[in-house]
Amino acid sequence: MAQFRILLLAAILMFSGVVVDAYGPGDNGYVGLRDDYYGTSCKDVETVIKKAVQAELAKNLKHAAGVLRMHFHDCFVEGCDASVLLDGPGTEKTAHVNEKLAGYEVIDAAKAAVEEVCPGVVSCADILAYAARDSTVELNGTAWAVQGGRKDGTVSLASRAEAELPPPEFEVSQLIDSFARRGLSVRQMVVLSGSHTVGVGHCDKFVSRLYNFNSTFFTDPTIDPAYATELKNICPQHTFNTTIEVFMDVITPTSAGVFEANYYKTLQEHKGLFTSDQSLFDDTRTKATVTSLLNNERFQKEFGKAMRAMGRVGVKTEGQIRTNCRAVNTY
Ligand code: HEM
Ligand SMILES: *[C@@H]1O[C@H](CO)[C@@H](O)[C@H](O)[C@H]1NC(C)=O
Ligand SMILES: *[C@@H]1O[C@H](CO)[C@@H](O)[C@H](O)[C@H]1NC(C)=O
Ligand SMILES: *[C@@H]1O[C@H](CO)[C@@H](O)[C@H](O)[C@H]1NC(C)=O
């Protein structure tokens, strides 16, 4: 009965033109975020950002995956407040976990273009959220509506990034817990992990699965044996090179990646690169979700909704709108 009432309410809201997300903290007016937030204050902002992002990615399409990951690393540390963009000793970007994070110049270019048309109006946190969407679309992903209204933070600590970002050794229980602390569901966690359909990982992030795995198995038995051999050839024990890039999605291993549901297929084939990937298929709590997301249309649709939910994590209603995304305003 209660469920029926919620469905009825959802139906009424939908027919009245109000956007209702199937899950997440709720879309409408939540911490002041809105679709078309800059509709009157900077009406062309999304077009301006998209053009700047496209021009930057034309120089280096690999930065598309970088920007998508950057938004995640921003939101999970101090909330989505552009804390990841701040330069300086000991800031988040100096953390080991952010060592390979790339594409900051994409955000600089977008910010510069936005300041030309509406100076002092659009936050860096919002620019990063729009740019993450635009980058996904450049890799053939389906677009979603991005909410605006985030303020920029002033705190950025490498130690917080190290402590808050989930490492690749995490298994399902730890992943569920990490996402739940940000109000994100188990399903949203599995959907957002689908980002690993694009981009690359480095040997140091998964060698522990290849050699001296545990007291019973030298190599993680959840890795397809032929794939394990391939990874060992790329990353020799003790002498691996941490600048070598390994495509996370072995089905479509193109230089920048293609944003589609193939990630879930790699998990089914036991070719997930990290424990945090493969365990999603090997755990009863998430296996059925992995299988259902093999459907690309469903994946794309749910990904956009999950990104909207991730984009609401820890959002600040008080704060600044930085002039330079790399530094806090001092005035
Ligand atoms: C579920 C927990 C997650 C873990 C443990 C994790 C871990 C990692 C690791 C270890 C890498 C490779 C880093 C390297 O070797 O340089 C990586 C890359 C990446 N991650 Fe995640 N990640 C997670 C979730 C996410 C989410 C939620 C997103 C985006 C919404 C995301 C987007 C990406 C992208 C796009 C890359 C490729 C970056 C590039 O090629 O430059 N990840 N992730
Ligand atoms: C990109 O998406 C279109 C349709 O949305 C599809 O026809 C095309 O094959 C995709 N390209 C790649 C490289 O996957
Ligand atoms: C080693 O890893 C396998 C696969 O994850 C697991 O089933 C097994 O319990 C582990 N053994 C020990 C001793 O930790
Ligand atoms: C590591 O790999 C990179 C990229 O493939 C290469 O340029 C570099 O020379 C390698 N370094 C060593 C020490 O082999």
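Glycine is treated like the rest: Cβ placed from N, Cα and C.
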Identity of the Ca(2+) 2-site residue among T197, T317, T323, T330 (reference: D249, T252, source: TrEMBL): T197
TrEMBL annotation, disulfide partner of C325 among C80, C118, C124: C124
Selected from C75, C80, C118: TrEMBL disulphide partner of C42: C118
Binding-site residues compared (D74, D81, E92, D249) - highest count of Cβ atoms within 10 Å: D74
Recorded positions compared (V77, C118, C203, C235, C325) - highest count of Cβ atoms within 10 Å: V77
Neighbourhood of C124 (disulfide bond) by C-beta distance under 8 A, where only residues 6 or more apart in the same chain count: A82, L85, I107, K111, D152, I321, R322, C325
Stretch-averaged pLDDT - the domain 'Plant heme peroxidase family profile' (32-329): 97
Long-range Cβ environment of R69 (site 'Transition state stabilizer'), under 8 Å and at least 6 residues apart: L101, S195, G199
